[in-house]
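For reference, TrEMBL has these:
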type	residues	note
DOMAIN	A:6-80	domain 'Glycine transporter'
DOMAIN	A:92-164	domain 'Glycine transporter'
TRANSMEM	A:6-24	transmembrane segment
TRANSMEM	A:31-51	transmembrane segment
TRANSMEM	A:63-80	transmembrane segment
TRANSMEM	A:87-110	transmembrane segment
TRANSMEM	A:116-137	transmembrane segment
TRANSMEM	A:149-165	transmembrane segment
TRANSMEM	A:171-190	transmembrane segment
């Protein structure tokens, strides 16, 4: 499906740029920036593929993901200031990427017959694990575990996808609706500064 | 085997609670607490399954593990104070979990024919890697690498299991003895404050 | 091929010692030192094997790798001072190990038909990911991401191997030349204090 693929590549660029920016902030060199770019963009999907037994993982079946990630790293390397100034655009692309990655992850889960819970799991993993590895490589506790509505937007979108998939099948409508749910929830969360509850201790 | 399965679920709850408590201490939100709960409880066994080629890993074959982990996270979320007060009970359940996880890991190693060393390796990995990922996600050096007799109890229990398995087969006696060895060694280690030696530098 | 195998074991020892030394510096106990030793020496190759579907990974097919890693840990444990004094020798062995691991990784990539980019990827991963896990377990940002010409030496050696492999096949000449390229680049990088560029921010 062409539209989904194009959105997937767009999301890959957004995630790769966020990884590269993190690398620059941590005083990494060109190699480190490239590695952070790559793991942020493709880390979640790669671990997902390992878990369902899709070997070799998608990054070795279609090199566009690796190439786009490394190009994004180069762009951040040479135009750091300009990229940073486009931070708001990046947040929007990242929200879109989260939606697309979620949908692709859930679809992989369904294709490999690992059940409903497992498919949601794969969607959230595709959308969030790359960013978690980025944060760990930066020496920080993953942000997604501490604040903001990020993984939760992915979970809700994954559930929406599953429900529509079961009722009307894998149509454009199913895919676009689920992506939009994640995308809008995430943008609303940023705008309204939504956070998940923390325990009262 | 029903008893082993029940003990396994009990160990899962103990490990999940220790993950959730760590999440609360690090100011994580409900999602972060759930993730720490899950990786602590099932991280070791999942990586073990990847290494022996048991795809999909056990968590996607029997959803009780994921469901119990998330329920444990919720319980810690809502009753943090009460759970914390039961810390001694938790240590006992954790010691039991370490024994059960070790035995299950060694059994998987034997089933997948990866040799004696590899089977012990799988036992220790099942018992300790989840806690290591928990600590890394907390931004800390894994405790198991620095002090206490924890992994060593698992190694000794794994060796006991292998010896009994080779001499009398996979009977209840084999399984219970090995679990008890780990359990008692671990409780003694806590009581007596045992530590492994460090190099003189 | 016997020479490559011997060099591989030598590299394993060098990487294991560097892991063990890191463990001692972080006040780890005998178990922690052994774990750091092991992951540094075999972590990269194990993840490489998971990614190409070579199950079980090499460490469970030939136990020399695990045994040598644990022996190296013991040597560091008992003779820390002496090993530390041999730091320059260790750097040379490490450079050799980087070259050997790179060549072996690229070969695995070729054997499993994952393309040119993927094969270089496997070479660099074999040479650098163990050290990255070592640094994360130490609670530090992986050094390889921040400075020195380390991964870059591996990338260049991987490209040299691929070119020679395509033109003259997998001969001794191909293998030795690629190893020497990595080895000499790395030693030059240490001697001349070479670093990769960082972005101007």
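Here the Cβ of each residue, glycine as well, is placed from N, Cα and C on the backbone.
Sequence-distant contacts of the transmembrane segment (A:6-24), counting only residues of its own chain at least 6 positions beyond either end whose CB sits under 8 Å from a CB of the stretch, comprise 32-42, 64-65, 68-69, 72-73, 75-77, 80, 83-84, 90, 93-94, 96-101, 104, 130-131, 134-135, 138, 179. Helix, strand and coil counts under DSSP for the domain 'Glycine transporter' (A:92-164) come to 60 helix, 0 strand, 13 coil. Restricting the average to the domain 'Glycine transporter' (A:6-80) gives a pLDDT of 97. If one looks beyond the transmembrane segment (A:31-51) by at least 6 residues along the same chain, the residues whose Cβ comes under 8 Å of a Cβ in the stretch are 12-13, 15-20, 22-24, 57-59, 65-66, 68-70, 72-73, 76-77, 101, 104-105, 108, 122, 125-131, 133-134, 137-138. Mapped onto DSSP helix, strand and coil, the domain 'Glycine transporter' (A:6-80) counts 62 helix, 0 strand, 13 coil.
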